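Okay, so here's the structure we're looking at.
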Amino acid sequence: MAGQPLRRPAWVPLLLRLLLAGIAACDASPADDSAGPGGRGPRGRARGDAGADEAVPRHDSSYGTFASEFYDLRYLSEEGYPFPTAPPVDPFAKIKVEDCGRTKGCFRYGKPGCNAETCDYFLSYRMIGADVEFELSADTDGWVAVGFSSDKKMGGDDVMACVHDDNGRVRIQHFYNVGQWAKEVQRNPARDEEGVFENNRVTCRFKRPVNVPRDETIVDLHLSWYYLFAWGPAIQGAITRHDIDSPPASERVVSIYKYEDIFMPSAAYQTFSSPFCLLLIVALTFYLLMGTP
């Protein structure tokens with residue numbers, strides 16, 4: 001037995017060929033995009049097949065594709081609207097004149113017995129915590145305002161105005177009177193603002209702090225002031241001169257802690273209430289009586 005060469009089993013060459021074939025198959029994996037013409041694409045279509053690239057959609061931007069598909073399928077309704085419509089805005093709560101003199105103070109200017117919807121001008125105020133809530137309404141399509149004055153005259157006054165603009169909105173703005181002109185002040189103390197233009201009337205509601213940092217354009221409402229009442233037209237959302245030459249004002253200073261319901265007749269209803277007219281009537285009556293035989 002010694003001296004004879006060792007023989008390899010017959011199955012060894014076969015095993016080597018199988019191993020080499022397996023290595024070659026791994027180098028040309030079906031998942032490899034670099035496979036040759038005999039390989040297969042990512043969808044299993046042979047690279048050599050006609051129209052292979054056209055049939056397999058490519059996603060160059062996975063995020064962009066996801067976003068567009070998500071938007072198209074999730075947010076577009078059958079009618080083609082991208083988003084559901086927003087819920088309607090709460091309507092403007094009607095001003096309650098029955099609370100005047102009880103839980104809030106009111107000023108009415110116009111026809112006797114008028115209310116917030118029929119007076120030429122209407123103002124109410126009430127305390128809510130550290131704020132004062134104001135409600136204003138006037139027979140105008142422009143603006144309505146209240147001024148806080150120390151002398152019942154225009155000039156150097158703190159003014160809050162509700163202005164109806166060309167877009168149909170009512171905005172609350174802060175002004176400072178310089179003589180007969182109102183200059184808008186960017187520092188606006190108003191909050192919780194709401195307003196509406198209906199039936200040719202501008203109506204609004206807002207709150208303002210009672211105490212504010214010292215500023216010549218903003219007064220402290222815990223002090224008593226004369227209230228100036230004004231309204232007039234607006235051009236492209238900018239206020240113009242008020243409707244009457246001498247706007248009405250409170251007869252005395254107003255305290256926000258005292259609630260009264262004060263009526264002031266407009267000029268059309270002052271004919272027989274002014275002292276001059278009453279004196280004229282008395283004189284005419286006396287003359288007629290004396291002249292009667």
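Just so you know, the numbers here start at 1 and follow the chain as drawn.
Cβ coordinates are placed from backbone N, Cα and C, and glycine is handled just like the others.
The signal peptide feature in Swiss-Prot is assigned to 1-28; the stated evidence is sequence analysis.
Among the features that Swiss-Prot reports, region 'Disordered' is placed at 29-60.
Residues or ranges marked as compositional bias 'Basic and acidic residues' in Swiss-Prot: 46-60.
The feature domain 'DOMON' is assigned by Swiss-Prot to 119-234, with sequence analysis given as support.
The transmembrane segment annotation in Swiss-Prot covers 271-291, and the record cites sequence analysis as its basis.
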Per DSSP, how many helix, strand and coil residues does the domain 'DOMON' (119-234) have? 0 helix, 71 strand, 45 coil
Averaged over the domain 'DOMON' (119-234), the pLDDT of the predicted model comes to 93
